[in-house]
Amino acid sequence: MKTIAVLTSGGDAPGMNAAIRAVVRTGLDKGLKVMGIQRGYSGLINGEIFEMHRYSVADIIHRGGTILRTARCEEFKTEAGRKKGVNILKAFGIDGVVVIGGDGSFQGAQLLSKLGVKTIGIPGTIDNDLAYTDYTIGFDTATNTVLDAINKLRDTSSSHERVSIVEVMGRGCGDLALFAGIGGGAESVIVPEKEFNEDELCKTILEGKLRGKLHNLIILAEGVGGGEALTKKVQETTGIQTRLTTLGHLQRGGSPSAFDRILASRLGVKAVELLLEGKSSRVVGLRNNKVVDDDIDEALSMKSKFDDELYDIAKILSY
């Protein structure tokens, strides 16, 4: 193992830069040549590859986004596209690749490994939807971003005595809604993992109004869908002014939290160590505050780890 490369793929997440920094500096410390691949798999098959040095990753640990950029790549989904990427890696003398991203990015790494490329995956996604790891890079920061928005919405909701429905990211995983809901003291958390009844929700809102509540904050994971319809239903049923706020890509930005910076640093170091050990088709993660690594096929096939106990806590504390 003489030369490794690092790329970021899929949706960006705060802390990706910290992971890049850890990979680059660990690789250099171990005597490796480290290359950066720009714009994910798209950059790979287009040869957008450059050598990285210690100064290449100076002053980036605090920055959101990814200095390597990221992109989707339809061509890489084809066998011809992947073979083109492998040939480019060979042309640059690259022996192993560290892929930072979510499940789609890991599937790409999995396909590369089947073509003989040593690959290690680092989980970078605000959705926290990879079951093999307790936390993904970017999730903690995104939770705090949502929390900040909730705090502000609480102020104006109280002033106008209205219901605020806040739609957050999370197509198949409700962790972001759940954690932000508990942290923000939301009256209701609606996630794809749990069924909910609109009529019961409206009844609870009216009961709160009778007790003198000035506002209601409802956190809705985007995977549930129907935010506008729910907003209309609540207002028509309760007679209380109801507003929908969709936070969107705001949740992906911002300076990463201390937790995400440290997590990214730990996982970046581990990824390089695994390559030096000759390992491939592995992903790194965190379980019980211990850095772990798993086979990429097993990691992708693990079922969702939704925390039912935490969801029950959210319901107990909500009203």
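From the backbone N, Cα and C atoms, a Cβ is placed for every residue, glycine too.
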What does Swiss-Prot list, out of Arg63, Arg154, Arg252, as binding the same ADP as Arg21, Ala22, Val23, Val24, Arg25, Gly185, Ala186, Glu187, Arg211, Lys213, Leu214, His215? Arg154
Among Gly11, Gly15, Gly27, the candidate listed by Swiss-Prot alongside Arg72, Cys73, Gly102, Asp103, Gly104, Ser105 for ATP is Gly11
Binding-site annotation, Swiss-Prot, substrate: partner of Thr125, Ile126, Asp127, Arg162, Met169, Gly170, Arg171, Glu222, His249, Leu250, Gln251, Arg252 in Arg243, Arg261: Arg243
So the record assigns Gly11, Arg72, Cys73, Gly102, Asp103, Gly104, Ser105 to ATP. If I measure every Cα pair among those residues, what is the longest distance in angstrom, as a whole number? 14
So for Gly104 (ATP binding site), how many other CB atoms are inside 10 Å of its CB? 15
Out of Arg21, Ser105, Met169, Lys213, which of these binding-site residues is nearest Asp127 (active site, proton acceptor) by C-alpha distance? Met169
Could you tally the C-beta atoms, other than its own, that fall within 10 angstroms of the C-beta of Arg252 (substrate binding site)? 20
Looking only at Arg21, Ala22, Val23, Val24, Arg25, Arg154, Gly185, Ala186, Glu187, Arg211, Lys213, Leu214, His215, which the record lists for ADP, tell me the maximum pairwise CA distance in angstrom. 57
